[in-house]
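Participant: I'd like to ask some things about the structure below.
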Amino acid sequence: MSLQWTAVATFLYAEVFFVLLLCVPFISPKRWSKIFKSRLVQTIAYYGNTSFIVAIAILVFLLIDAFREVRKYSVTEKVDLTNNPVAVDHIHMKLFRAQRNEYIAGFALLLCVLLRRLATLLSQQATLMASNEAFKKQAEGASDAARKYMEENEELQAKLKDAGIAVPEVGKKPSGVGVQEENKTLKAEVRSLKDELEATKKVLLKSDGDVKAMKKQAENLTVEYDRLLNEHSKLQASSDAQSQDKKSN
């Protein structure tokens, strides 16, 4: 086996080992997810994407080359080599090696894609398991809260019954006669409140009008007072002037 096919076979054995390791049942998907998210694996994945693409390209090239070799040495049925048994053995050996190389390259390419898919599925399963646990805890918390509220409701109903307050049972409706009477009473109260509101509005409007009238009257009185005050000042001034003239005469 040449050096290149020895490297491909070693790569294939490593892939088989990692596939079997990922399929081990006692290692949970959560553990694999933690391993995949570790700093070392993240660094390898970050710098290994280019290497992965290059490896895929090399495997595809080797697979095509092996397929070409198989087609090349599959001539025993087309060419009569009965007179040269050494040539037949040589061709069979070459054909066997070409088929072996084809299987190695094909399975290596298949397991390379399968490994990547297995790692993705394990990460997704770990995420789903974590989400399922979170939903389960949330449902348990909601159930505990509902149970607590039901217990508090029952305690409150018991206290109201002890206090002599009638509490309707859950799921039962009160009697129809009582409901109708209560509705009539409530309608009458609402009607009376509406009447009182209308009367209050009328009184408020009237009071507002009276206030405006009084305000206007006060303004008029103020103007009249100012006018009278000015006239008084003028008369006082003229009276003082006349008295001074009499004294001077």
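Cβ coordinates are placed from backbone N, Cα and C, and glycine is handled just like the others.
Automatic prediction, not curation, is the source of TrEMBL annotations.
Okay, these came from TrEMBL:
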- 1-134: domain 'BAP29/BAP31 transmembrane' (DOMAIN)
- 6-28: transmembrane segment (TRANSMEM)
- 40-64: transmembrane segment (TRANSMEM)
- 103-119: transmembrane segment (TRANSMEM)
- 132-238: coiled coil (COILED)
- 189-248: domain 'Bap31/Bap29 cytoplasmic coiled-coil' (DOMAIN)
Participant: How many of the residues that make up the domain 'Bap31/Bap29 cytoplasmic coiled-coil' (189-248) does DSSP mark as helix, as strand and as coil?
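Facilitator: Per DSSP, the residues of the domain 'Bap31/Bap29 cytoplasmic coiled-coil' (189-248) fall into 60 helix, 0 strand, 0 coil.
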Participant: For the domain 'BAP29/BAP31 transmembrane' (1-134), how many residues does DSSP put in helix, in strand and in coil?
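Facilitator: Secondary-structure breakdown of the domain 'BAP29/BAP31 transmembrane' (1-134): 113 helix, 0 strand, 21 coil.
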